[in-house]
Amino acid sequence: MASPSSFTYCCPPSSSPIWSEPLYSLRPEHARERLQDDSVETVTSIEQAKVEEKIQEVFSSYKFNHLVPRLVLQREKHFHYLKRGLRQLTDAYECLDASRPWLCYWILHSLELLDEPIPQMVATDVCQFLELCQSPEGGFGGGPGQYPHLAPTYAAVNALCIIGTEEAYDVINREKLLQYLYSLKQPDGSFLMHDGGEVDVRSAYCAASVASLTNIITPDLFEGTAEWIARCQNWEGGIGGVPGMEAHGGYTFCGLAALVILKKERSLNLKSLLQWVTSRQMRFEGGFQGRCNKLVDGCYSFWQAGLLPLLHRALHAQGDPALSMSRWMFHQQALQEYILMCCQCPTGGLLDKPGKSRDFYHTCYCLSGLSIAQHFGSGAMLHDVVLGVPENALQPTHPVYNIGPDKVIQATMHFLQKPVPGFEEHEDEASAEPATD
């Protein structure tokens, strides 16, 4: 095992000027955005008012302490929090014993966004650990010796692609992984999360993500999957876990991202979906809620905001003339303010909302959402909107896979050099059969 000192904090340069525009949340009229319950209190409205009060305290502290121009991403503190997490966890994480590949992914992706390199010895240790989590049946379990499950399989493949070395790629048993995906496929096009487990949109996304990254998609593996996902879109415009259920940010992201991978985005009512997701950004807090009438949560900075690049791409492909060519269809500045002011733990790590504890899950998805809010487009269309000091800028993340775009390209190029397991061999056998009259 590598010692923690094998990590070296890389402090970015600090020569650029600070952001000088006024903050959205500190406008004199911003209080008008608070909840108006028309004197009819409900459990929901009471909880919303409590959250708004805590967030107002945070906004006020910035205003009265003259810290307005000093919105700073506490990079070094987050880096040290993440570095420790790869080596040692407190007993509070005992409940995540079946999610250990997720911890690897959340931490590695957070470091990737912060542009912190992974030392070779640490990368090797992660590869060896994830190899222990791989099941002989295919796929990865939540820990060594545990049953395989699509969620930790997704996390493990993403973590290995972030490392991006031959050693990491070689951990993945593609033949067994394909067999495992087939074993979970259902006649209606959906996938089980694990043998004997539940079906929902997450499993379709996890399957599509790992299959596309590792080049194991066969002609019939996702037959009927796009149609099943489309049936999960409900009257609200968002996507539920299964057909007929309430729209939810996490399920909606999984559904649309899976359809992007399968090139079937048009299976959805995209305008209805756009209306639903843009309505989930909270007017007062600036962050996103996961469902209608729920509270703001930092993790939806990615699950909801990450939908907007996917929708932008899909609507652009349809020739929508109303699309901006310089910004996403949500308030990017307001989201950055919420994350930077309300979601940073003073000792490192990020959190759901003021008053909550930090964890690696929220650290990963708050940083991922911050990256989405900072970067529009790519190449000639790139337009950055970085709030606060210039050093707040994060590395971009791929809106479909939520790992670095360069890591997606590197992994797909690597695995495209390998045949789809069992597929080319089957084609060769078919072509070798003698012709019959």
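Every residue gets a Cβ built from N, Cα and C, even glycine.
According to Swiss-Prot, the site 'Important for selectivity against geranylgeranyl diphosphate' annotation covers W102, on the basis of similarity to another entry. Annotated repeat 'PFTB 1' per Swiss-Prot: 123-164, in sequence order. Under the heading repeat 'PFTB 2', Swiss-Prot lists 174-215. Under the heading repeat 'PFTB 3', Swiss-Prot lists 222-263. Under the heading (2E,6E)-farnesyl diphosphate binding site, Swiss-Prot lists H248, G249, G250, Y251, R291, C292, N293, K294, Y300, S301, F302, W303, citing similarity to another entry as support. The repeat 'PFTB 4' feature in Swiss-Prot is assigned to 270-312. Taken from Swiss-Prot, the feature Zn(2+) binding site covers D297, C299, H362, and the record attributes it to similarity to another entry. Annotation source Swiss-Prot lists repeat 'PFTB 5' at 332-374. Positions annotated as phosphothreonine by Swiss-Prot, on the basis of similarity to another entry: T436.
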Given the recorded positions W102, Y300, F302, which one's Cβ is surrounded by the fewest other Cβ atoms within 10 Å?
W102
For the Zn(2+) site given as D297, C299, H362, which other residues of the same chain have their Cβ within 8 Å of the site's Cβ centre?
G298, Y300, S301, L351, D352, K353, Y361, Y365, C366
Cα-to-Cα gap, D297 (Zn(2+) binding site) vs R291 ((2E,6E)-farnesyl diphosphate binding site), nearest whole Å:
10
Remote residues contacting the repeat 'PFTB 4' (270-312) - C-beta distance under 8 A, at least 6 residues beyond either end:
24-25, 30, 33-35, 44, 47-48, 51-52, 55, 233, 236-239, 246-250, 252-253, 256-257, 260, 318, 323, 328-331, 334-335, 337-339, 342-343, 350-353, 361-362, 365-366, 368-370, 372-373, 399-400, 402
What mean pLDDT does the predicted model reach across the repeat 'PFTB 3' (222-263)?
98
Chain-internal residues, separated by at least six, CB under 8 A from H248 ((2E,6E)-farnesyl diphosphate binding site):
G238, I239, G240, G241, G290, R291
For N293 ((2E,6E)-farnesyl diphosphate binding site) and H362 (Zn(2+) binding site), what Cα-Cα distance in Å is obtained after rounding to a whole number?
21
Please find which two of H248, G249, G250, Y251, R291, C292, N293, K294, Y300, S301, F302, W303 have the most distant C-alpha atoms, given that the record lists them as binding (2E,6E)-farnesyl diphosphate, and give only that distance in angstrom, rounded to a whole number.
19
Just to verify a number: CA distance, W102 (site 'Important for selectivity against geranylgeranyl diphosphate') to C299 (Zn(2+) binding site), in angstrom, no decimals.
15
